[in-house]
Amino acid sequence: MTINPEITFFEATIDNVVDLIKAWYDEKKYHYVTVNATDNGGNVTIDWIFSKYYDKNKLVVFRAENVAYDAKIPSIVSVVPSAWIAEWELADLFGLDVENAAKGVFIEPDAPQAPLRKGEANG
Amino acid sequence: MGNKIIVPFGSQHVALPEPVSFLFETQNEVITDVTVNIGYVHRGIEKAAITRFEYTQLPYLVARVCGLCSITHAGAYTHGIEKLLGIETNKKIDYLRMLVVELDRIHSHMLANGHVAEVVGYENLFMQTFRYREDVMDILERITGNRVQYDYQIIGGVARDFDKETEDFAREKLLTLKANTEKLIEFFENDYTFALKTKGVGTISKEMAEKFNAAGPIARASGLETDARAEYDYLPFEEVGYKLQTRTEGDVWARNMVRFDEIMNSIEMCLNILDGIPEGEHRVKVKGRPDGETFVRVEAPRGECFYYLKGNKTKVLERVRIRVPTYANIPVLKELFVGEKYSDAQAIVLSFDPCMSCTAR
Amino acid sequence: MIQMFIESLKNLVSKPETIKYPFAPSPEPKGYRGTILYNEELCIFCDKCENICPPGAIKFEVVDIESGKKQYNYNPYLCIYCGACVDACPKAEEGCLTQAEVRTPVMGESVIKDPKLGYFINEIDNPKEVEKKWRELEIRAAKSREELAEYKKAKRAAAKAAKAKASE
């Protein structure tokens, strides 16, 4: 069989994504999966991915496009308490500026910084 | 008023099989605060997958992220790439893939239960569990050629065909395994000293599991009904007798029992699969280049594993994102330690079944 | 209590579960994935095995630019024994590239020697030099492929110029 999920996309920007998720999220119905970032050359696309309990083959994605490398990305820990670990990883591997992130958890200080970026050179 | 002492349950410890480091702040042997440090075995696999390897070589790279759940990583990647290339697999390939995935689940759960018995102090039970686990490793070695890294799932099918002699060998060993596992379940369930060390320790309530989004046998032992085999249609599990197993207590003992229930269910499923393998080819033709993006969720022995793939019609993919189940359970672990005694920390960590080489890939 | 005594007496007289390797032999089971063996007469030099190998343990080197003759080099200490090259070879059923059912012995004091393993491993005797010489071979093989491509391009351009001149 091939997989065929039914994905619902919501458009969001960095400024309103926390309010959108707070208005929509219900602990007993939705399950948080992860936060993901993809590099498109000069900017980054960020996805917040959720799924539903008790329902087959459904996924919900909040997508923010064209985020610059030095934008301040808000944290959704006030809504979903277990999201801090994925956000710290994005801050380490992409060099992004996430609220309240501790750097140096995944990569040592003397290793090449921000390895997953494709835009400018890393040091 | 007690003194505050910082005790490291560090990356090198006699009872810890994984490289993770906890710093406990304790007061009179009760833990008050935790600092977690992961990332000791970061190898840069996501970066290597988009620069140095082509998309046909990636099942072999991604399978080596972890040793115990290697077939789930290779399986998730092949399901995603087959969607991007537009390939349909036939029923025989699905049944053979399900057989090896369920056998992998059996051997991983037996290892986890054996380790919990070891750190609690019951070393004889640990040795007996590992002795009975050797039957499963013999079957896997006959089917795929290797005990740990199978290299069985490739793009467009499976690597080897399945003949009658292998089927008789597998059926005989599975029946022996079933009798032996029932003996083990009797020990784990009814022993008095084992229950003193594991019942009531590290309890997670259902509200806490929902709030922190736990995944895998940890959530199912607290009564939360979540399983990627029931929520996501990637292989025909319902046809061969799959049932979702839950318990309600939520402590270390209940997590062991959920794993044993899943082992018995998996043995039933494997015997049903051996009775009903259809005819057909074990491989389908592959052509084209991957284009687009896709999301995949599969059920590893430790929980739900998530993949995101993005391609743009070249031989090298653009983004491969892996999120493993232990990664999602670390926030729960951090909340759970506060208020427990320091001497119970080993049993709690090992009942979560951590896999650190998956977490810091 | 009685159960405990019966179990102890049974364990005293039964055989142990483990094999005393290396004093007793440890046979490989049926269908084991072992060393890769190569037969030079049946090869058509299509390069499919080199393109699919994940760690890059098979390298072809061009030794004669005029005729385009290639030589097969295989490193059994870098190989992961996945069997992808055997699947990709178009002449595998006739026996060009096969996978044996015995394991490669550990390197230890001596390097393995067999005529079916290609040119590289039969020319080295010291186990400490294997890695260094393999890195040199990789650089040499890549450079020889570039020279072959340029030679072919120059020959095609010369043939086209000669044909254009002959038709005037």
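Heads up, the Cβ atoms here are built off N, Cα and C, so glycines get one too.
Please treat TrEMBL annotations as automatic predictions, because they have not gone through curation.
The Mg(2+) binding site annotation in TrEMBL covers B:GLU46, B:ILE322. In the three-state DSSP reading, B:GLU46 (Mg(2+) binding site) counts as helix.
In this view, B:CYS66 (Ni(2+) binding site) is surrounded by 23 other Cβ atoms within 10 Å of its Cβ, with every protein chain counted. Annotated Ni(2+) binding site per TrEMBL: B:CYS66, B:CYS69, B:CYS355, in sequence order.
Annotated Fe cation binding site per TrEMBL: B:CYS69, B:CYS358, in sequence order. The Cβ of B:CYS69 (Ni(2+) binding site) lies under 8 Å from the Cβ of B:ASP104, B:SER108, B:ALA300, B:PRO301, B:ARG302, B:CYS305, B:CYS355, B:CYS358, each of which sits 6+ residues away along the same chain.
Annotation comment: TrEMBL describes B:121-285 (among others) as domain 'NADH-quinone oxidoreductase subunit D'.
Under the heading domain 'NADH-quinone oxidoreductase subunit D', TrEMBL lists B:289-360 (among others).
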Residue counts (helix, strand, coil, in that order) that DSSP gives for the domain 'NADH-quinone oxidoreductase subunit D' (B:289-360)
26 helix, 26 strand, 20 coil
Within reach of chain A, those binding-site residues of B:GLU46, B:CYS66, B:ILE322, B:CYS355, B:CYS358, CB-CB under 8 Å:
B:GLU46
Which one, from the binding-site residues B:ILE322, B:CYS355, B:CYS358, has the smallest tally of other C-beta atoms lying within 10 Å of its C-beta?
B:ILE322
If you average per-residue pLDDT over the domain 'NADH-quinone oxidoreductase subunit D' (B:121-285), what number do you get?
89
Cβ-based neighbourhood (8 Å from the centroid) of the Ni(2+) site, residues B:CYS66, B:CYS69, B:CYS355 excluded:
B:VAL65, B:GLY67, B:LEU68, B:SER70, B:THR72, B:HIS73, B:ALA300, B:PRO301, B:ARG302, B:VAL324, B:THR326, B:SER357, B:CYS358
Roughly how many angstrom lie between the C-alpha atoms of B:GLU46 (Mg(2+) binding site) and B:CYS66 (Ni(2+) binding site)?
14
Relative to the Cβ position of B:GLU46 (Mg(2+) binding site), how many further Cβ atoms are located within 10 Å?
17
Round to a whole number and give the Cα-to-Cα distance in Å for the pair B:ILE322 (Mg(2+) binding site) and B:CYS66 (Ni(2+) binding site).
12
